[in-house]
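According to TrEMBL, the protein has these features:
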- B:CYS140: active site, acyl-thioester intermediate (ACT_SITE)
- B:THR25, B:GLY26, B:ALA27, B:ILE28, B:ASN280: NAD(+) binding site (BINDING)
- B:19-132: domain 'Semialdehyde dehydrogenase NAD-binding' (DOMAIN)
Amino acid sequence: MTSVTIHDPTLRDGQHAVRHQLGAAALRGYAEAADAARVPVVEVGHGNGLGASSLQVGRAAVSDDEMLSTVREALTTSRMGVFMLPGWGTSADLRKAVAHGADVLRIGVHCTETSLAERHLEFLRAEGAEAHCVLMMSHMATPAELAEHAANAVAYGAQAVGIMDSAGHFLPADVTERIGAIAGAVDVPVIFHGHNNLGMAVANSVAAATAGATIIDGCARGFGAGAGNAQLEVLVPVLERTGFPTGIDLYALLDAAEFAERELMPAPPVTGSLSIVSGLAGVFSGFKHQVLDRAERAGVDPRDVFFELGRRQAIAGQEDLIVDVVADLSTRKDGKAA
Amino acid sequence: MTVVDDTTGVTPGTVRPLSVAVIGTGAIGQDLVSKAHRSDVLECALVVGRNPRSAGLRYAAGLGCPTSADGIDAILAAPEAFDVVFDATNAMAHAEHWRLLEPLGTLLIDMTPSKIGQMVVPTVTGPQVPTVRNVNLVSCGGQASVPIAHALADAFDVTYIEVVSTVASTIAGRATRLNLDEYVATTQDALTAFSGVRDTKAVLNISPAVPPAPFRTAVHAVVPGADAEAVRGVVDAAAERVRAVQPGYEAVACAVNGDRVTVSLEVMAASEVLPPYAGNLDIINSAAVMVAEQHAARLSAVAWTGAGR
């Protein structure tokens, strides 16, 4: 049986759900719990990764340095992961993360922009770190384009490559097709990172594993942007029953999820109205808080804001478009998107 | 630093045309050739690339400009040094180009975010004479955001400035893609240099949207006690001054929420070679040509009065 390596971005993607406000005690506590469950990789950081604390996306409560040193100290067998978007973070941030003991460094680029990762992947390989490349907003590209860009990432030095369903837009058949295309184009492990906007995160992850992905992301209680990610403590036993061993201790994993629900989040993510429309519209669900805040102040329907953002093909990182869209909708008489 | 209304300071017919060379045949290089070709005071004397069959060299030749595929060697081999050389390559190559061209007395106008030369944003500094022979145009996001950052910091007590730009994938060439780290560092430095605000952050998004997304820059600022109406007035006045030389420049949104100010800027290109959404290239190239034209005016004035350089 093919085994699957679980990659756990609870302490990174979950930041989107709490406006990047996780404190050091929460980071330490969850990292210890995940380590006890033998979760292979525990990822930490601001929601948009290294160097991304900002007014545009949200300022983090804790600096990158403190996040990395806190989680590093808490891990004994689990490896520490970080995430970086070129243009948000730089090689200086990667160097710092390697010095802090990050084992797995993921470079994120939007679906067809792999060449943005060329220098950073080369840099990581020269540093001797494990370098991954993930293609975000992957619903914006065809399976053939994703396969081509995945192959480019491997040529630049990526030791694993895959896709993020950043908007939670995919259905299982979409995932099967895309992961199949990528797995056929590269000879390194393939990654899938799902979001639950349409209630498909676990089903999509199983489809990904079945189609050849061997690194699957999941978060405790699904803690992540918008409707959240694949719920880790559901994902793991479901993968095991499907026939993909993970090496994770179930009871300890359930304990970690209990800790997460108690200490990391006001409430577990639900697939609410805005998450559903952001999934349908193909918009990054991390926009949720800002859309809600600004739409409410301007008296426009936040669902219209999401559909209009989708029409404009807003990508993750383009939160500034929310201001324009809300202003445009509030000046239209009926308040409805065109 | 003062803002001036007339940022060109050049009157056609009074100025000796300067000989201009362009290194690089990507979208920036081609648009520079087109703008230099249109200028009354610049004469496109040589365009160099490395691929003899590149579209950029063909375009330049079509306008009647001499071309060469020998790169920097062709610039160095010219019998007489050029008055101005535009470097539209990448930040790493620029360091070498500067080393080779510095002894020739040429004004090198650097389109890359190398940060080697003196940073200029002509819509803010006006027809200032560069005191050095290597002038750096910062970045597209820098040219778009610095006028607003400068105006806000001039009028209010600003404690933090952050600039997030989005450019379309189709016009982000290989040099841009390789130079993201330099883009971030140089844009941040320029924001501090021109606004006096120490705490700055710069971000660049490359959008794969189809059809391509128009160039946008968001300027976020922390302005304690910000008054929405006063902020809007300062932003509109600053945008108006930029629009005098960059007609496609517009502040499309300005929101104040507590001490947080967010200004959205859009720049549409008005160029013979660039698509309308490529405002990022238009604004940095227009600035570069403005610097060259100011240099031409200065050299003419020097020749007229007989004063030494």
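Cβ coordinates are placed from backbone N, Cα and C, and glycine is handled just like the others.
Take B:THR25, B:GLY26, B:ALA27, B:ILE28, B:ASN280, the residues named in the record as contacts for NAD(+): the widest Cα to Cα gap among them comes to 17 Å. Note: B:ILE28 (NAD(+) binding site) has non-local neighbours B:ALA88, B:MET111, B:GLY173, B:LEU281, B:ILE284, B:ASN285, i.e. same-chain residues 6+ apart with C-beta under 8 A of its own C-beta. Model confidence over the domain 'Semialdehyde dehydrogenase NAD-binding' (B:19-132) is summarised by a mean pLDDT of 94. For the binding-site residues B:THR25, B:ASN280, the ranking by surrounding Cβ atoms (within 10 Å, all protein chains) places B:ASN280 first.
In the structure as shown, the Cβ atom of B:ALA27 (NAD(+) binding site) sits within 10 Å of 24 other Cβ atoms. Across the fold, the C-alpha of B:ALA27 (NAD(+) binding site) and the C-alpha of the residue listed as 'active site, acyl-thioester intermediate' stand 13 Å from each other. The number of other Cβ atoms within 10 Å of the Cβ belonging to B:CYS140 (active site, acyl-thioester intermediate), over all protein chains shown, comes to 31. A distance of 5 Å separates the Cα atom of B:ASN280 (NAD(+) binding site) from that of the residue listed as 'active site, acyl-thioester intermediate'. Taking a C-beta cut-off of under 8 angstroms and a sequence separation of 6 or more, B:GLY26 (NAD(+) binding site) has the following same-chain neighbours: B:GLY56, B:ALA88, B:GLY173, B:ARG174, B:ALA175.
When the alpha carbons of the residue listed as 'active site, acyl-thioester intermediate' and B:THR25 (NAD(+) binding site) are compared, the span between them is 18 angstrom. DSSP classifies the residue listed as 'active site, acyl-thioester intermediate' as helix under the three-state reduction.
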